Each structure stands twice: as structure tokens, then as C-alpha cells.
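Structure record follows, encoded as C-alpha cells.
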């Protein structure tokens with residue numbers, strides 16, 4: 001399955017999504033031992049955090065007030081405190097306080113890159129190869145603004161290899177600097193690069209949307225879903241079908257016909273996730289980190305986990321030989337080097353997020369991305385409401401759908417939904433009833449709607465989400481419409497893409513319509529061979545063909 005040859009992968013360019021480096025999750029930060037000495041009040045103040053370092057002995061975290069703190073061993077001045085002293089107690093980096101952090105990465109020295117919401121880039125730590133981008137090889141004892149070549153540029157994402165650095169701007173340009181013994185800076189030579197230099201050559205007219213680094217290699221995804229690599233390739237980590245180093249970016253032809261959404265790199269291996277939820281791996285496989293069932297290196301991308309359900313997230317980082325992935329239903333798999341063992345096939349864990357894999361099984365137990373925390377210190381109002389949904393003990397009203405009861409509370413429904421606020425007026429018959437019959441929606445759809453009013457969340461497969469989208473449209477629940485669209489997007493396939501496009505048009509869901517249209521164009525040949533395509537009504541079919549033609553889908 002994949003994109004047609006000659007077609008381009010339609011994806012509007014926006015600043016690289018924060019979720020790649022930072023994801024809001026319920027992960028317990030104390031799974032990393034360094035946090036175990038912190039009091040509950042200190043822990044509850046943390047909004048973002050990253051554990052890094054050769055032995056995972058350093059921490060940087062940002063509070064809800066945007067204060068930046070560090071603690072740990074302080075190898076190569078990587079804490080940025082202005083001295084070389086280690087500290088078991090958090091120290092505040094006053095220079096960075098008040099700046100909202102959007103991306104952070106670390107090298108092996110380690111050196112640190114940090115990008116702010118304003119597009120500023122700061123660097124500190126190890127600088128033996130000019131990886132701080134300040135033109136010197138003097139260690140950076142405190143955060144310094146990286147300005148050379150980046151003046152008037154807005155940095156949105158950063159990535160570090162062992163001793164080289166990448167920065168992505170909001171206009172899709174990639175800058176690189178630092179150690180360049182294998183061409184990982186992409187300059188066409190192997191001379192170290194002391195200041196940021198734009199990576200050009202075949203990226204010159206491309207808009208890059210995502211970047212990642214292995215130890216001595218670099219990868220970038222451009223807006224049409226193509227992947228380019230450069231740098232060290234001795235074990236095939238660039239996925240080019242050979243093991244020769246690349247001094248300038250080269251396209252991964254092994255991923256041709258696929259639209260890649262996310263890439264991550266381990267020490268010397270890489271993973272790619274496509275818009276269809278397919279997972280590809282290549283590079284070093286000494287510990288089984290490719291998940292192929294053996295330990296043979298792969299010079300070109302190979303698909304793994306093909307028999308599993310759709311993949312929605314992949315995880316790796318250059319410090320480790322560990323890989324992880326999360327499926328659509330929330331199952332988390334791990335493979336590669338896991339606490340000294342070599343797991344050669346993806347292993348199903350009981351974790352709820354990929355971050356837990358790195359906390360518990362990676363060596364060193366670093367964080368693979370800047371992590372954002374939510375806290376569960378007490379039972380909130382929303383948690384209490386969630387607990388009482390469909391509770392016969394406290395409910396004062398029942399809905400009967402498909403012969404099944406759903407227990408609810410009138411007051412909650414009136415507070416949360418304008419439809420029910422009107423329904424439970426004294427002049428409506430429903431106001432006097434203890435049981436209300438519902439026949440226009442199915443039980444899973446209506447139960448999910450009522451549960452949404454208690455929890456702000458929905459848990460439905462994409463097929464049922466279409467019915468819920470219908471309900472949300474009828475009841476004028478705009479936020480619910482957006483959530484339905486999100487579920488449907490994650491569940492889009494070749495087989496159902498045109499049906500989902502038709503539903504988006506029918507329910508006036510413009511964002512979903514645009515998404516489904518782009519997916520259909522990206523996979524035009526296969527979509528046009530599905531039953532859903534030929535069962536669609538004529539006007540919509542004509543409009544689709546006309547619109548696809550205008551954006552060049554039928555050009556050779």
C-alpha cells in the first residue's frame with residue numbers, strides 16, 4: 001500500500017508539531033529514579049521534563065510558571081549552571097525563566113539545544129566540535145543564544161546527534177553544525193562546521209517538517225512525505241540500500257510511494273511511520289532494535305508489525321538501542337536492547353505510553369523526547385463526574401437505547417448540553433419522564449455521547465465515530481464534532497477513505513473533509529478501486545475529480 005508514483009503527498013506545512021518532542025501524558029515521572037527525592041509539591045509544579053546524559057544522570061524541567069530548573073551530575077557543564085559542580089538539588093536557570101520551551105534535544109557530550117516559543121535557540125554544554133554553534137570549541141557553562149546565521153530565523157524544532165546539531169525553522173529550512181567526520185552536517189565535506197549552516201543541495205527547494213539525528217547521521221521529512229538522510233551510513237542507518245556515507249542529503253528511495261509522518265532515530269537505526277499507520281525500520285540490528293525477528297542489519301527500510309493494528313506513534317533516541325511503538329487502541333510495544341536483553345520482535349507491554357518503555361527498559365534510561373506531565377494529586381470535579389457516569393446509585397434519569405439503559409443526572413446534562421437544557425424545560429414531556437427512549441441513534445453512539453458530557457473524552461472506533469459525528473451535528477456540539485474528526489483521521493484507510501470523505505461533506509466538517517481529500521489524492525489509484533468510491537453519489541464524485549485535477553493529481 002502506498003502513494004502513487006508521480007503523485008505528491010498533500011500535507012499543509014505548519015510548524016513541526018510539538019507532540020513529536022513533547023507529549024501530554026499521564027506518565028509517572030518518578031519512574032525515573034532521579035525524581036524520587038522530590039516532594040509531591042515540587043513534582044506537581046513540573047510541566048515539562050527531560051532526563052538525559054550518558055548514564056541518564058541529568059535532568060532539566062520547566063514549571064507551570066515557566067521557570068527552568070536543572071539537577072544531576074553536570075558532565076561537560078551540561079546543566080548550564082555556570083559552573084562544573086554536580087547538584088542533587090534543583091537549581092534555577094534564571095536566564096531561561098519565563099521563556100516557553102517548545103523543543104529540546106541533547107547530545108552525547110552532552111550538549112543541549114533548547115528552542116523557545118519565540119523561535120529563539122539556546123545552547124550549552126559540551127562543545128569540543130563546535131556543536132553549540134558559537135564558532136568556538138569552548139565549553140558552554142551557561143545557556144547562550146545561538147545567533148550566527150540564524151538572525152531573523154524562527155526555530156521550531158531541534159535535534160542533536162552525538163556531537164552535531166540540527167535546527168528546523170518555521171519556513172522549513174534545516175541548519176546544521178558541529179562534528180562532521182561522516183558528513184552528518186550535510187555540507188558536502190567532512191570538515192567540522194563551527195556555526196549553523198543551511199543544509200541545501202536537494203533540500204534547497206524543499207519544505208522540511210521534521211528532523212531527527214542518530215549518533216552521527218541526520219534525517220529529515222519534507223512536506224510531501226519524502227525522507228532524506230545524510231552522514232554516517234556504515235550500518236545502513238540512512239536506509240539508502242548501501243553502506244556508504246553521504247556528505248549531502250539523499251532521498252530514501254526505499255520509502256518511495258509512502259507518505260511519512262514521523263521519523264525517529266536510535267543510536268544507529270531508524271523508524272518511520274506513514275500516514276496509513278505502517279511502520280518501517282532500517283539500520284543496525286545488533287540488539288534486535290529493528291524488530292525483524294533477527295539481528296541482521298538492514299540497508300533499506302523494511303516493514304515491521306504488519307500484522308498488528310495501526311501504529312500511531314513510534315519512539316527511539318540516539319542514546320539507546322531501544323525501540324517502541326503505540327497502536328491505535330493504546331497498546332505499547334518495545335523491542336531492541338531492553339535491560340540488557342535483546343528483544344528481536346515487538347513485545348506487548350502493559351505500559352500506557354512509549355515513555356514508560358525508556359524509563360523502565362532503556363539503557364541508559366533517558367527520555368526520548370521532552371515530556372509534558374499532567375498530575376493526579378486528588379479527585380477533581382471532572383474525575384468525580386467521570387466516576388458517577390452510568391451509576392444507578394446516584395442517577396435520576398435513564399435513557400433506553402436498543403433495549404439497554406444508560407443512567408445519568410439531569411443536572412449534569414443541563415449544565416453540559418444546550419439540547420438537554422431545552423429538553424428539560426417544564427413544557428417538554430421529557431422533563432417529567434424517568435426513562436427516555438432513543439431510537440434515532442445506536443447504543444454505542446449514544447452512550448459515548450453521554451459519557452463525553454461527563455468526561456470530555458470519547459472512546460469509539462472510527463466506524464462508530466461517523467454516527468457520533470451525525471449526533472454532534474444534530475445537537476450542535478462543536479467540540480464533540482472536532483473530537484470525532486480526530487478519531488476518524490486516525491482510523492482512515494484505503495478502504496474507508498472515500499466513505500469518510502462523503503461523511504465529512506455531509507456533516508459540514510471542513511477540517512476532516514480537507515484531511516480525507518488529501519489522503520484520497522495521496523493514494524488515488526488504490527482509493528478509486530474501492531467499493532466506497534464507486535458507490536458515491538455523482539455530484540460528490542464530480543467535485544472530487546475536479547478538485548483533484550486542480551491540485552495536479554493527474555499530472556505525469
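Yeah, the Cβs are placed from backbone N, Cα and C, and that goes for glycine too.
Remember, it's a predicted structure, so these values are computed and weren't measured experimentally.
According to TrEMBL, the features are:
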type: REPEAT; residues: 66-117; note: repeat 'RCC1'
type: REPEAT; residues: 119-171; note: repeat 'RCC1'
type: REPEAT; residues: 172-224; note: repeat 'RCC1'
type: REPEAT; residues: 225-276; note: repeat 'RCC1'
type: REPEAT; residues: 277-328; note: repeat 'RCC1'
type: DOMAIN; residues: 395-462; note: domain 'BTB'
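Under DSSP, the residues of the repeat 'RCC1' (277-328) split into helix, strand and coil as follows: 0 helix, 23 strand, 29 coil. Per DSSP, the secondary structure of the repeat 'RCC1' (225-276) breaks down as 3 helix, 23 strand, 26 coil. Along the repeat 'RCC1' (277-328), the predicted structure has mean pLDDT 97. Helix, strand and coil residue tallies for the repeat 'RCC1' (66-117), in that order: 6 helix, 23 strand, 23 coil [DSSP].
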